[in-house]
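What Swiss-Prot lists as active site, for beta-ketoacyl synthase activity is CYS537, HIS672, HIS711, and the listing cites sequence analysis. Residues annotated as active site, for acyl/malonyl transferase activity in Swiss-Prot: SER979. Marked as active site, for thioesterase activity by Swiss-Prot on the basis of similarity to another entry: HIS2021. Annotation source Swiss-Prot lists compositional bias 'Polar residues' at 1709-1737. Sequence annotations record features per position, and here Swiss-Prot assigns domain 'Ketosynthase family 3 (KS3)' to 364-794. Per Swiss-Prot, the feature domain 'PKS/mFAS DH' maps to 1254-1573. Per Swiss-Prot, the feature domain 'Carrier' maps to 1616-1693. For 1700-1738, the entry in Swiss-Prot reads region 'Disordered'.
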Amino acid sequence: MAPNKKTILLFGDQTDSWVDGIDRLYQDAASIPWLQSFLDDLTHTFKTHTVGMDAVLRNSLGDFANLQELAEKYRYTTDDVGMAQAFLIYAVRAGILLKWAKYEPSLLSTDENQPEWVGISGGLISLSVLAVAETFEKLYEACLEVAGLLARLCRFTSVKSRSMEDRSGAWGWTVLGIGANELRNALDQYQQSMGIPPIKRAQVAVTGHRWNTIVGPPSILQLIVKECPAIRSLPKNELNIHALQHTVVTSRADLDYIVGDSTLLSQPLSLTFTLWGMDDPRAHYTTWGDMLRAICSQALSRPLDITHVVDQLSSKLRSFPQLDVKSIGPCSHLSYLTNVLKSAGRTVSVADDHPPSTPPKQLPGRIAIVGMAGRGPGSDNVEEFWNVIMSKLDLCEEIPEDRFNLSEFYRSKHDSGCTTTTKFGCFMDKPGHFDNRFFHISPREALLMDPGHRQFLMTTYEALEMAGYSDGATRAVDPARIATFFGQCNDDWHDVSHHTLGCDAYTLQGVQRAFGAGRIAFQFKWEGPTYSLDSACASTASSIHLACTSLLAKETDMAVAGAANVVGYPHSWTSLSKSGVLSDTGNCKTFRDDADGYCRADFVGTVVLKRLEDAIAHNDNILAVVAASGRNHSGNSSSITTSDAKAQEKLYRKMMHNARVSPNDISYVEMHGTGTKVGDPAEMGALASLFSHRRTPKPVVVGGVKANVGHSESKQAAGVASLLKCIMMFQKNILPPQAGMPHALNPNFPPLSEINIEIPSEPSTFESPVSQPRRILLNNFDAAGGNACILLEDFGNNMVKKSDPRVHHTVVTSSRTQASYHGNKAKLLQWLRQNPGARIEDVAYTTTARRTHHPIRFAVTASSTQELISKLEADTADSPAAKESPVVFVFTGQGSHYAGMGSELYETSPVFRETVNLCATICEEQNFPPFLDLITQSDSEMSDKTTLEVQLAVLTLEIGLAALWRSIGIQPSVVIGHSLGEYAALHVSGVLSLADVLYLVGQRALLILQRCEVNTSAMLSVAMPVTDTHAFLEAQADPSCEIACVNSTNASVISGSIENITELQAGLKARSKMLSVPYGFHSSQMDPILADYAALAGGVTFSEPKIPVASTLLASLVDTSGTFHAGYMARQCRQPVNFVGALEAIQSNYSDPIWLEIGPSQVCSSFVRATLSPPPSKILSTLDKGTNAWLSLGKCMSSLYKHGATIDWLALHQPYVDNLSLLNLPTYAWDLKEFWIRYTETKDQLPTSTTNGHETFKANISTCAQQVVEHISPPNMKVTFRASLSDPGFKALIDGHRLRDRSVCPGSVFSEAGLAAVTYVLQLHHSKSLKLPALVLRNLSLKRPLTYDLVGPDGELITVVAPGGSSNDTFKVAWKASKGNVSYSLGDCMVAACDGQLIQARWDKVSYFIRSRVDEIVASSKSGISHRLQPQILYGLFANTVKYDAAFKCIQEAYISSDFQEAAAVIVLNSDPVGTKFVASPYWGESLVHLAGFVVNSNPSRQSHDTTFMMDGFESFEQTVIPEPGKPYHTYVRVTGNESASVVCDVYIFDDDKLIMHCAGLHFHEVENAVLDQLLGGTNTSNTTRDQPAPIMSRKEVPKPVDTTEKVEAVSNDSQSDAHVLDSILKIISKETGSDLADFQDDTLIADLGVDSIMAIEIASQVTEETGMDLLPSFIIDYPAIGDLRRVFAPKSTHISLDNDLSRPSLVDDTSQALQSSGSESFDQPPTSVTSTSDSGSIVKIDLGPDVDSPAPKIKITLLQGRPGNGRTPFYLIADGTGTIATYIHLPQFKSQIPIYGIDSPFLRCPTRFTTDVGITGAARFITEALMKAQPEGTFVLGGFSGGAMLAYEVCRQLAAANRKVDSLMLIDMCSPRSKTVEDKNDIGWAIFESISRQNGLWRSTDMTRQHLQAIFAAVATYHPQPLKASERPKRTAIIWAEKGMIDRCAGDSELMQKLAKRGIPTEPYPKFMEDSELGPVAWGLPHKTKNDLGPNGWERYVGDALCLSMPADHLEMPMPGHVHLLHEKMTRAFEFFNEAG
C-alpha cells in the first residue's frame, strides 16, 4: 500500500439491514467452500449458545437449519426481541470481513500500513476480532468466538430490558433538530415531572450530526415522543432497537459473563491499534479479554458521540491525501464519514460491497436432467404427452372392460360390499404391450411381471437413448456408479394375476417391488445401488430427491429415477372410493369450484440424472436442471392424510435457500393439484404466503397436469408426469394452457389477483428473465402427509459447434429383432426427412457413440444427410444377427506407396498423427533421413525418394493405421504381413518394439543401398499358380530367375536380373506385369546383405508374440517365443514370401475371419480373395488410393460393425467431440406383444346383494364352466373359466361315472364346458345372439382323464377359449386340470358357430337311409337274429367297463347286431339334477352316445379282456335341436373303422324320423388295464405350473452300440426322426418360455426368449425324455440362436460318417443300459426311510416323514457334456449346496469328450425334508441307489463341488459298502469332515453366506434354494464319518482348492464383521485352520489360503494320498464366468491324473 494512502475499515451499528447481505453471502458460499463452512459453523455457534436461554429468546429464533432460514422468518416482519437482528447483521459483517481478508490479506497487516478500525456502537463487537487476527485462520476462529459473546450479550440486554418492561415495541427513537445537551435536560425535566423512576428513564444514547438517539422502555418513549413539549413537534423516527444499549448499568460480573471464559481471551495483545468508537480510542489492553470487556461496556453503558469519533479520526489522518474506506457490511453512517473526510480536501474512495470474486460457471449443487421418457393416457411418448397438454384434453373415461368388469363393482351408493361409486379413470391404450425379447425375458416370465415394471424398463431405455447412454468399451460413466430409484407403492398386479396364474418360479421377481429397480440394474449390467421407494403420491419426487442427494454426495455418477403406475385392480378403486377421495363425476378438477376428488390414472416415466458439470463434460443434452429438491412431512396437520400449508411453505423456502434463489426468481409453479377439497386450497395457501412479497411485476403462472391425465396417485402423475411437462415447457418455450379453464375457482383460494398468481387458459410464450434462467417450482404432497418439491431451471447453451474435419461419417442402427430392425430404420428415415438440415456428423455421433448396440445391425457411410437418406431408402433387406468374427490385420508390402498416402488422416486423426510423429522422431534419433512428407504431402516428389525413405514411410504409415484401429477397439486375433508388411505385423503382435522395428527396416534398407545395385534386378508378377511358375522356370535355359512371392493360388512374383526378367516375360503366355521396384527383393540380389543384416538383427529384442503371427516364411502360425530371431529375419529377407501358405494357416485355425488390410492401398485384399474366397463384405482395406481416407475407413467400420465387431465409437469421436452435438433421434422401435390379464372376481369376492334386491352377483355360467377368471379383450382375446370339482353338481357328474372302480370325469363334461364357454364369449363380444344348435364341436382330443387322484376333490377344471382362426366365429377351446400351482393339460377342440338350417338341410337328404337302417336292426333283434337288451342287462354288462349312476342310465331298450358292428337304442332323457346348470347337459350327451362305448367294449369277439377301449376324441359333433327330457329318441351307432388297437364309430340321434344330432369319428383306443389303473390312480407331485405331458405308453428302444471305427457313406434315413427332435426342442422351448413358435426366426437368440441356466436344464431334460436324444443343458451356449439349432438338428439327407454323428449314443459298454439314450433319468419315490451306517457301525433307520406339503425326494441325473458310449467311464458330478447342477452349466467342454453327468440333490424340490436326521448319509443313499441302478456294472468316477464334495465322499463310502468300486474321486473346495459338531455355529454360517452371496447376482438364491443351502450347512456340520479303509479308497483322488478366502466379500458388512469378532471366528489364516473342527461348514472358507493351506487339509485321513490343485479365485467364483475357465483347467489336469497308468 502506498505510504500516502490509508485504509479505513468501517463497522456500522446493530440497526443496519442484513437482508441483501445474508442472501449474497449464501450465494457466494455456493462456490466458496470455506465460506459455506464458516456460515455452518456460525449457525452451530449461535444455536449452541442459545440452547439454555429462556423461551422468549428461543422462540424469537425458532427452529432454523441455517442463517438464511432464520432470515426468512424476519425478512418481511420485525424482530421484536432483537436477537435475530443482532445475529444476522453480525453474520453479514463477519462474512464480508473474512472475504476481504482472503481477497486482500494486507488488511490484517500489523505494520505502518495497518488499517484504521472504526466501530459504531455494536459495530465495535464485529471489529474486535481484528485485534487477534494475525492470520486468516485466527480471524476465522475469533469470529466464531465473538459470535458466542454476542449471544450472551443479547441475552443480558434482553433480560435486563424485560425486567424494566416486558412488552413489544421500539426501544430507540431518533430525534432531529435539537442538541444533545438540550435534549438531555428536556428528558430529565419531563421524566422527573412525570414521576418516572430513574431506572426506567429514557436517555440520550447516540449523538450524530444534527440528530440524537434516545433509548428507553417502549412505553416511556411513546409518552415522550407524543407528550414531551421539547420533542413532540420535532422530526423523529422509530428505530429497529428492541433492548437497552449505551444506557445499561453493568458490573464486572456482568461483563465477565458476556465475554466468557475461552482460552483465546487470555491471548496478549502486542499490536498497537486505535479503536475508533471507544471513549478512549488509544487505550491499551493487556489481553483480548480486557479489550472485549471494554468494548461491551462501551456498547452497553457509555453514550456515543459519532461526530466526535469522526472528527478525531479525520484529525489523525490529516497527513494522508488518499483514503480508502471499506464498509464491512451496510452502514447508515458511511456517507457522513466520507463527507467529513472529503471536507479536508482528501480523496476518498469507498467500497461498500463485497470484495470482487470470480462468479462460478454454474452454481454448485445442480443436477442435470439429460434424458426423459414417458407414456400415459393418450400418449406413447413425451411429444404426444405434450400435445395432450397443449390441446387441453381431458382423457378421463369409464373404466375399460380389459381392466375388470365395472358392473360387478359399481354402485350408485356404497353398500357393505366392495363397491365403488366412480366409473372413471385415465388409462394407457396398451398397458400390456412389452418387448420381452429385447430384455431377454420369456413370455412366461413377462406375463408374471408387473406391467409397471415392464413399462419402466422400456421408458428407462428410451430415456437412456435420449441421454446418449452407451455401454461401449469406453464409457462416460462407470456402470458400478449408476444408481436406480424407482417409486412404487402398490402390488396390484400380484392381486390381479395371482389367482389366475398361480405361483411360478418367476412370481416373486415379477411382482415384488424391489425388482422394479433391481431389474433395471440387472438388464443394463449396472452395479450401483438400487432403491424401490414408497412415499405414496410423492414417490417420484422422492426418488428424484434421493437421486440428487446421491449424486451430490458423489456416491453415484448417474441415476435413473422414475416410477410406473398401471391400475387394474378393482379393490383399489373400491377402497379409495369409500375413503371419499375419488371424484364420482370425472377427472381431477384442479383449481375449480366443483372439485370433488381425483381421478385415478396410468402413467410411466423415467428421467436420467447427472451432476451438471459431468453432463457438460460428457457433451450431453441438458433438458433441464434440478437446482434443488427437498422433502418434509406435515407433522402438525390435523390428520395424517391432510396436507399442511405451513409445512409446504417451509419446504419451499428451504429448497430455495439451498438453490440460492428467492421467490422473485420463480416463473411457474406446477402444482400437485389433485382437485380435492382440502388439498388444493392448502397448496394454494402455501404459494400465496410464499409469493406475498414478490418484487417483480410479472405474475407467477401456476398449472396442474392432473386435469389432463388424472392422478396416478401411487407413483407418478404426482411427480414424473408433472416433471416431464415442466421439461417440455423449457424445450418448447411455451406456458401451456390449463385444462378445464376458464372456470370458477375454488372459493377457498386466497384472492389470486392480489398476490399476482395467474392460471392460464391459453398458451403463451415462456419468456426468459434477463441474465438468469427460467425457474419452475414443482410441488407434490402425498396421502401419508409427506411433501416433496423440486426446483427446476432451464439450461441455456447456445454454443455454435464448428464443422467436423472428417468429411465422411458412419451411421448405424441396431436391434434385437427383424421387426425392430426395420422399424428403427424407418423411424430414422422419417426423422431425417423431417430434419433435412441435421448435420451428418451429429447423426453419426449420436447413432454410434451415444447408443447401445444390438445384434441385428445396419451401417452405412455417407457425407451428407441427403446421401444418408438415399442409402436408407435403398436398403430394405433383412439383416442377420451379427456374430463377432476374428479380425486379421493384413499388412501390405512395398510397391503400393504414393505421395501423401496418409495426408488426410495426418490432418484429422490425432492418434494417427501422434503415432506417425513418434515414428519420425525415433527415426531421426537413429540418423535416418526424413520421410514424413511421403505420408503427409500429396505433392511430394516420389522420384527422389530412396528405398530407405520409402520403406520407413510405408512401415510408419501401417503402424499409424494399426494404432488408429486399436484405439477404437479393433484388436486383431492374428496378424500377417506381406514382405515389408511382416515388420509391421511383428510390431503389432508385440515381437518387436517400435524403436527396434524402425531400426531393423532402416538398417536393412541402408545395407541394400550400400550393397545392391539399383535397377539391375526386377520383379515380375505373373498370373500363374506357383507350381506352373516353378515348372516354367525349370524349363528355362538359364534358371537364374526365382520365385520371390506366392501371392495367391493363381498369382506369383518372379525375381531376377532385368535382362532375364525381360526375356522371361517375352516368353510367357500368361498375363504378367513388371513391378515398379528398384531391386529384386527375396532373390539372390539380397545375398550380399544377409550376414551383416543378421548381425544387426542380433542386437534387438524379440519378445513372445502377444498376438499370433501368420509367418509368410514358415506358412504357419507362431504364438510362442523362439521362432523370431536374427536368423529368421535374414531368411525372411531372402526367401520367398509364401503368402498363400500363411493365409491357409489362418484359415485352418480361425473360422470365417474378417480380413482388414492395413497399408497404402488395396493390394493384399485381392490375394485373400483369390486364395480363400471369403465373402466380399469380409475383405476390407483401410486406405484406397484415390478415395478419401474417412470414406474407406467408414466402409471398413460399417462392415466390421455389421459383422459383430465391438467398435469403441466414443473413442473414435472423442477428438472431435467439441464439434459434435447429441441429437434427439427417434427412440427404439419396440417389437411389442401383449401381456395382459383382466381381473376377474371370484364368486365369494363379489359384492353381496343389496337390500332392495336390484344388484346381485351373477350365478354360475354352467356347472362345468362356473366363473370367468380371466378376460383379455380382442384382438388378442382369451377368456378363461374355472369350475370347481367340489361343486355338488360337478362332483355328482364325476362320482356317477366310474372306470375300474375309480371316479372319472365323463367326456361329455368337456363338451359342455367348451359349448358353455363359447356361448358366453359369443354373447359377450357379438351383437347377434347365437343359440346352442348353431355350435359345432370339431376335432375334440382328450389327452388324459380327469380324476380326483390327479387334482384332488377340490381341484378345478379350467376351460380356455381363444380365437381359432381368421373367422370371428371359430374358437379354440382347451381344458386343464388344476390344483394350486399344478396344472395338467387334458385336451382341446375347435368350436364353430354354424348355420343350423344348412346342417339340417344336409342331413335331411340322407337321414331316411340311416333311419331305415335303425328300423332294420330293431326288426332283426326282435326276430332273434340280433341281440335285444333290456336296460338292466345292458348296464349290467357295461359295468365291467364303466359304472353309471341312475342319472346317466337313459337307454330304455337296445338292439345290437350280431357282429357288434351296429347298434340302436331307444332313449328317454332324465331331467338334470336340481342345482345344476348346463348349456348341453353332460348327462344327456353321455346317455345319447355311450351306446358306442358299450358296442366297442362288450363285443364278444374281443381277443383280450385285460384291456379297455377308452374314448379319446371325435372328429365332429353337430346338433340342430335341443333335446327335451321325457321324450323318446332313437340312437344309432355304426363302427366305421377297426384297427388292432383302435375303433372308430359314428353316432346318429333321431327325433322320430328327424336326424337332430350327429357325432362323427368317435375314436376309442385300447389300453391295457394295468396301465389304465396306473393312469387313473397315478399321482404327479410336480410343483411347477406348466402342463404335464400325457403318460408315454411305449418303451424306448435301446440303440445298439455303434462301431465308430467304420466309415459309412449312406443317405441318412433319420430325417423324419431328426425332424421330430428339432420339432420337440422348439416346442418345448416355446412351452417353457411361453413364446410363440411363429416368432422363432433363425436369428432369434435363445437367451432373448428368457431361457436361463435353470430353464435350460428343464428344457434339456424334457427333450431327452421325449426324444431319447441327449440334449445338453449347455445348448444355450453351444447353439445361441434358433438358427443354430435348426442347422444342427434339422433333417439331413447328406452323406454322413458315423463317428461324426451329432446324436449322442447311450452308455452301452462299461455303463448300464439303464440310462439308455436318456441324458436325464429320474428315479422317483424311493423308500420312505433310508439306512445309514453310523460311526459305531449300527444300522439306523431315518424316517423322512410324510410332509404332504412337498414332493418326495427324487434323483435326477442329467448329461451335462461329452459323448456317452465313447469308451470313457462317465464322471458323475454331484450338485453343490444349492442342490441344482445349474451351478456347473458354465463349465467349458472338455476336449476328452468324457461324458459328464450332473446329479441334482434328491431334496432339490423338497428341501424341508432334508433334515439333520437325514443328513449327508441319507441324501447320499438316494444318489447311491440311483447310480447303482443306472450303472449296474463297472467302476465309478465321482466328484462334487462344495457340499457336493461331501456327498461325493459319502456316496463313495456307500458304494464301497455295496462292493462297488470308485476308481477316482474329485473333491472341489470342501473342507474335510469334522470330528465333532460345531455347536450353535450354523446360524453364523448362514449369516456369512447371506452376506457374501448377496454381492453377486449369480448366487442370489430362491427361497427353495435358500432352504436347501441351510439344510446342507446343517448336514455338513453334523457329518462325522469313518475314514475309508485302504481297500475301499479310490485309486486316485484329486482336490481342487480356491486360493482366496471369502473374507473380502464380508469386509463391507460391518454388522457381520462384528458378529464374527464376537463369536471368535477367525478371518486370517493360521496353521492348520483348514482342519480346525471349531470352524463350521462356511467359516472355514473365510481366510485366504497360504501355500501351506493348499494340501490335503485332513482329507488324507479319509481317502489317502491326493493330487492337490488350486486356482486364484474364491469359493463362489470357481464355477462362475470369469473364473470357470481356471476350474476347467484344474479339472482337466485331474482327469489326466485319473487316467495315468499305474
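Backbone N, Cα and C define each Cβ position, glycine as well.
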**Feature contact check the domain 'Carrier' (1616-1693) with the domain 'PKS/mFAS DH' (1254-1573), CB under 8 Å, 3 or more pairs** = no
**Message:** By the count of other Cβ atoms within 10 Å, pick out the sparsest of the active-site residues HIS672, HIS711, HIS2021.
**Reply:** HIS2021
**Complete:** The rounded CA-CA distance in Å from HIS711 (active site, for beta-ketoacyl synthase activity) to HIS672 (active site, for beta-ketoacyl synthase activity) is 9
**Asked** Which of the three DSSP-derived classes (helix, strand, coil) applies to HIS711 (active site, for beta-ketoacyl synthase activity)?
**Response** strand
**Item:** Secondary structure at HIS2021 (active site, for thioesterase activity), reduced by DSSP to three states
**Value:** helix
**Request:** Measure the Cβ-based neighbour count of the residue listed as 'active site, for acyl/malonyl transferase activity', defined as the other Cβ atoms within 10 Å of its Cβ.
**Result:** 23
**Item:** Number of helical, extended and coil residues in the domain 'Carrier' (1616-1693), per DSSP
**Value:** 51 helix, 2 strand, 25 coil
**Asked** What is the separation, in Å, between the Cα atoms of HIS672 (active site, for beta-ketoacyl synthase activity) and SER979 (active site, for acyl/malonyl transferase activity)?
**Response** 75
**Complete:** SER979 (active site, for acyl/malonyl transferase activity) falls, by three-state DSSP, under coil
**Request:** Could you round the CA separation between HIS2021 (active site, for thioesterase activity) and the residue listed as 'active site, for acyl/malonyl transferase activity' to a whole angstrom and send it over?
**Result:** 38
